[in-house]
């Protein structure tokens, strides 16, 4: 065992003395058992994580019952909703790398034999996965579970995005401040990851398709008693995975990545999942090109539409309809789409995991013969504005905006864009351009939920598009194109756009372009001053110097 490095032999007496002092060692027999890290992300700032302390306790009990010795440790976490719309959002994506580094550090420093990872929200799940793949010790994931949707006294179903969009409605006088307060107080009714197919729930669902989590991980509600049982079952599996030396890199493959992307496309997951899955592939040293997503999308039907793409369906409805296993079972009917032989942490193949699954509500999970669309709910757009690609959540775009041409309204930061939208500078037909908000320019590639919600709230969702080198919340909806690469800070073409330039977005054609010739773009970029970093000290200054492009997952470079 790896942990023998810190516990075996007379020369390790000091190490054993320290281990005994933790209280985790009951008898000397424990030194012959595998040491299992319980990587928890409990904190009291994130509603999706406020309940994880109890799940950690359940996991530790299950590991002991299975014959292991558990050691719980924590990672940090950022609530994207609370960090939204101010300087705090610059730390959100950057926190993913801190989490990956912290997992690597604890596992390697203490020679742990295996890991039970308990994440829940946006950057925590991919961060833990990146760290686990880096160390390549046996691992199993079990999330904290989704929040239930809220309900107003009038019976209207609401979620966090309802609150964000209500701010825009209040600014136009469509609703009163009292009505806004009602939505505010009902939008997030309890613990759990926010209740739509936003980034957190998307990633926790993808864990099932990747093979790293038990069925139910992505959809069983946080407050459902079955969540505690799932934690117990998952933690109970880790000792067997350690004993059989089942490592994450033996589970993650190109095939399992394609399975996860197919699921993502079929349920219209967050655009952030592309960013995170590319980063996960990078840690596993798997080659996956941005452009492959369009090829996969062409044969993946969009069969499960969940908030924010609709206000009628939330994650709890997906769970009731059969969960992720039912979606995968339906997708397995498309010849050659899924690799059902992919291994998983259950000890069975993906095909075996979903063999008994069935769709229990066709209003939530459609058949592949009658999808919402024949192609997936995400797409990569290329063109002279995004030579290296950009991403759009097609499933959340209204039919009238699938093709759009309009004049650019350019803002060099998100705050200016929000002000422009709220004060009426943005008009019907415009294409809002928010730049210098990419991985390096932001820094941290902040999410644009506030401006997209303002656009929707002010009734412009069917007439205004938004493009950015930043990214979007999983809760964003509308004609929102993000991850534009190269970013403005790297002198990408988006830096050449001026207010009034005509921009065409053609989602079915997978293109996005500005009506400028190459020479004009080149001349405008040459005339620009060198990019001046916004933050010059602390973690974000270091992050900005090391981060790579969005089209490769915005991972940190190790080439110096």
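Each position is counted from 1, following the chain as shown.
Every residue gets a Cβ built from N, Cα and C, even glycine.
Swiss-Prot lists 80, 122, 123, 447 with the feature Mg(2+) binding site. Within its own chain, residue 80 (Mg(2+) binding site) has 89, 92, 121, 122, 123, 199, 447, 449, 473 as residues 6 or more apart in sequence whose C-beta sits under 8 angstroms from its own.
Per Swiss-Prot, the feature [2Fe-2S] cluster binding site maps to 121, 194.
In the three-state DSSP scheme, residue 123 (Mg(2+) binding site) is classed as coil. Per Swiss-Prot, N6-carboxylysine is recorded for 123, and the stated evidence type is sequence analysis.
What Swiss-Prot lists as active site, proton acceptor is 473, and the listing cites sequence analysis. In the three-state DSSP reading, residue 473 (active site, proton acceptor) counts as coil.
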Cβ neighbour count within 10 Å of residue 122 (Mg(2+) binding site): 35
For residue 194 ([2Fe-2S] cluster binding site), the three-state class that DSSP assigns: coil
Conformational class of residue 447 (Mg(2+) binding site) under the three-state DSSP mapping: strand
Packing count at residue 194 ([2Fe-2S] cluster binding site) (other Cβ atoms within 10 Å of its Cβ): 30
Shell of the Mg(2+) site beyond 80, 122, 123, 447, same chain only (C-beta within 8 angstroms of their C-beta centre): 78, 83, 92, 93, 121, 199, 200, 272, 473
